[in-house]
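Following: one structure in structure tokens, then a few remarks.
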Amino acid sequence: MAEGIGTFGTLSRDVLEERLMEARRTYRLNMGYAGLKQLPPGFVELVKKYNPHITELELSSNDLTDLPDELEEFRYLRILRLKYNQLKRIPAVVYRLPQLMVFDASGNRIQKVDDAIGHLSLLKELDVSGNEITTLPESLSTLPKLEVLQVENNRLELLPESLGELPGVIKMDLSTNNLRYLPASMGQLKKVQRIDVGNNLLTKVPPSMGHLKTLKEFNLRYNHLDDRYKAKVEEGLSKFLAFLREEEERERLEEIERLKPIGTPVGAYLEYRCKAEVGQVVKTDMGETTVDNRCWIRTGHTLTQVGSMLLIFGGQLQKDGSTTNDLFWMTMDRMEWHNQPCKGEKPPPRYNHAACYDEENNRLVVFGGRTAERKRLNDIYFLDLDSWTWFKPSTEGTAPTPREQAVATFWAGSMVLFGGHAIGGRTNDLFLLDLGAWQWSQPAFSGTAPSPRQACALCIGHGNLLFVHGGRNNFVLEDLHVMDFVSKNWTEIPCEGRVPPPRHSHRITVHRDQLYLLGGLDELGAQSVAMYRVALPAGQQDTYATSKPKWVEWDSELPYNKNRTATLWNGTISIYQLGSNTLGRVNDDDAEKGLDELRPKNAKRMRVQHTINTAGKMPRSFTQHSAHEARVLQYVQDFQRIFEELYPYRRPLYLTPRNECGVPKFVCTSLRPSQLVYTELYDLDGASQFVADFLSYEPLEDPLHPPDTLPSPMSALEWRAGDSFDMATVLASMLLGVGYNAFVVLGYAPGPVVQNDQRNTDLAATRTGAGAEEEEESGPCKFVHAWVMVLPGKREVTEAMFIEPSAGRKDVSYDLSDPTKWEPVFEDRGMRSRADGNADESETEGGGGLDDGEGVEAEVVPDIPPSWVPKLTIPRDAFDMRCPRHEIFARFGDCSRWDGMVERLVLYADEERTVVTEIRETFTRRRDKLRERRVYPQKDTTIEHFNRGSVFALKDILTVKNDRRGRKVIQYYTGRDDRLIYISATYAVDPLAPRPQPSALLEEYSSLLVAEKDCLQWVRDGEWEISEIIRTRTNQEQNITLETPYYDIVRIKAEESEEVREKALKALKDRLIERANIIQARLDEESAALAKRQQTFHRDRDQMSAAEEEDYERQTEESMFRIHILERRLRRHEEQALHKYYELDAKLRADGRLAALLN
């Protein structure tokens, strides 16, 4: 029957027939050692003729590179062995064998196990040892039946964190790999008996593995374990597991202590800043969800303390008035809020409800309240705090009527519910709910019960006593009652001393025979911050009516806070409030103190005074004059003196103001032409808008006169503030640097312009009548202002324009004939020229520059010296943070975000910022080595850039969504002289060529088949690689992990500290080896040159002159000397290298940042 198959590797037909007959009897087909490179066509059909239900297939010791898809027709195959083949990946058909229980692919060249391995739900044994695997998929942990996992002799560096979730694994062999640590989840292996992780790079073992009760053998030989682990391993398995449990407890306590916040003492209290992460990704049974952990300020909620944990449920949010059913929790160890996603039947949103903690079953029980539609409730829900699951139990008995602001507490396995505002009014009934049988009951009580009330305070004391205080009905109450659950009798307690004023919504608790009272609202709704206590009688309840305990008021040391919630538990007060006076919020009571010191101060004068005090830190040109500057200043002063003599009633010229160091400078030298690196500042509009946005406008201290101080544009950019003169100086310097013909001009401006007030701009232009007459009578405005004037002739400027620096606008009138806006500096009559005036006076004044230009000697007027201001620069972060050109830029701290983002820039296409064109995100400390991501929403394109060391050695990834490319290429043309529109090329047989022989056609056909197969394989490999990249990137983005910086001594762990030490030592070792190689290379080069010179000498010695022989001897001597020096240097380097290595190791171990974790 094997005749139709032809040759079958190295197996003869008789042997094949024998093995097929054996498969018919034993359901096991052995095709090992057959020399197969692939299973031939028809193999599956041939085997099915003999036995279609084979359960074991042996294909070991062949040259197989893949398996055909037809193999999945063996539906009953349970054992598949592919040892010692040439597989580079597990064939895809293997994952489609539903009954497979044993799979052996050891001794191949497999580099990766696909996620599809999770489809083999019946797999019991998996052997992929002796391959080139570097990682294992997370889906491996979903195999419910897996008992044996053998991955030894591979290149594993990481194990999936969920590996310990394998429920039935018994044997696990991970030896001879490159593992540096084991996942902590391996401590969850419930049935494991043998674990082999020998011959790896492990330095420690997860302490959670100390709980492996079934473990019988644990091989840790040939690793890099520290001394403590080595010593415990040698003592035996039981003692080593006990050591791991001790390590786990120690690390847990250290982690709690490390993450514990540090409080600020405020009297007897400690104040903490509560933290909350926005956008945290939380894993649930339904998948991953993103939660907002900010616990917004609310009212009508419940705050319940469970040990060191605080639970907040429900309430009305003050930010928007919405009603919520969210559950938040926080521990005293971390002071960090968490919005807990819960399962089960969640209660509807509510407020003014009651809640208590079930101590026996670890549950939070919630009753009643009001919905968002103001409907009162009387339902019961409880939350299992172990599984975070809500339940709505079915209760029996007569339940309380729907109500709000009832109070509840826990006693003897029951919830005690008292009072509240029901539909018919306030109540004073008391209910008990058995939390085991969920049975409502209302016992009969005697004595003087409290009057109906709501929002009172309730607590349990002395075992069986229930205390009730205050609350409100039509009035706010102050009475105190006690009820004994044994005698079922109510008693009102008459008190003396400083009795707390009437209040409601407060808290009471019993601690060490003292009843404490805190907080509440008084009759006017004002918050009370006082705290009271009263000593309780030591006898039975009967003594309460006659003992008259005395109230004592304590100084609570709590300032006022408009929103505060508190709990009293186990002698500790826990208060959650809005803001803190101690931790940064300004106390309003101090706002009226020191009014004399709060008078407005000129910010510029204060900055200048500070610069004068620290002038020694400024550049030398700021505090001194060069010789050239001194000559120009003398010339300018002479000119200014003559001008004042000629025009005594004119405003003095603004020529030599003082700089920020108090040194007079010529005003023209204060401009510093500078071309910055930012392209947005190369044009007029961009530079003008930048100055208006970047610098904060400050009015002049004296708006009627120019400022006494004109700081350099460098200081104005550092201060990021200034008046019109400072802003104009900065803008003119930038425009000059990019080629504009810019000047700073001085003039008068209306009050709204000087004050940068645009509220009445339109109204001022429409005023007529009396208002206009009053303005004319008051004369023209004399408020001083500065602009930037840009003249035509450069940078394609066609007409002159004036720029308002504080707004970046160009709407200033250039009509010089308008006398209301322009005033001539020199009158029409001019001034005396040198030819008409007194020559002696002119000579005395040094020319003064006041003549008409006739007979002037050019050398008399000095040239303007270079600017005393350094070249302007703007830091990148300062430039980016101003949000120019429809951009929003955000920068984050290195450790502030969970995803490692440090910069985010969003570009918009419109001024309203509604159309996003590009999003640039920069990351750091990412384990996936992601450096930058650019998203173009309009093009559905994403570009990601990676650092070295990324998976698949990725450098860049370009992802384009919804991009379909056709299979036919047509070239289209337009505007051609030959009228060509498009070209579409096809190929056919050349009719003029000689007809090929059949053998040639067969050979070509065979080669094309092989080429087609190779091409298809390349395509499949490419598709597989692309899919793996996409899957890996998806997993990385869903499980982002960050590398802890070595300088973060708070968060860095021991293994990370060890890694820092190893990197430092490796860097030193590489540098020492590199230096040794350099010395050796130079030594080899000198030795080769000497040998070549000696060979040449011996060959040409007879023809060499005496001078040449002397030169040879001199060069040989120099070479020998250099070789000797290099040999000595190499020996000394080898001797010192080891010493330097141990010296650095000792320094690292003694370093304070690493010693606590390494030693």
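Cβ coordinates come from backbone N, Cα and C, glycine included.
According to Swiss-Prot, the features are:
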type: COMPBIAS; residues: 827-837; note: compositional bias 'Basic and acidic residues'
type: REGION; residues: 827-857; note: region 'Disordered'
type: REPEAT; residues: 21-46; note: repeat 'LRR 1'
type: REPEAT; residues: 75-97; note: repeat 'LRR 3'
type: REPEAT; residues: 144-166; note: repeat 'LRR 6'
type: REPEAT; residues: 168-189; note: repeat 'LRR 7'
type: REPEAT; residues: 363-413; note: repeat 'Kelch 2'
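The list of residues near the repeat 'LRR 7' (168-189) in space but at least 6 beyond its ends in sequence, with Cβ under 8 angstroms from a Cβ of it, reads 129, 144-162, 195-212, 219, 1055, 1059. If you look at the repeat 'LRR 3' (75-97), the same-chain residues 6 or more away from its ends with a CB under 8 A from one of its CBs are 28, 32, 53-69, 103-114, 116-117, 119-120, 128, 1024. The average pLDDT the prediction assigns to the repeat 'LRR 7' (168-189) is 92.
For the repeat 'LRR 1' (21-46), DSSP puts the residue distribution at 10 helix, 3 strand, 13 coil. Taking H, G and I as helix, E and B as strand and the rest as coil, DSSP gives the repeat 'Kelch 2' (363-413) the counts 0 helix, 28 strand, 23 coil.
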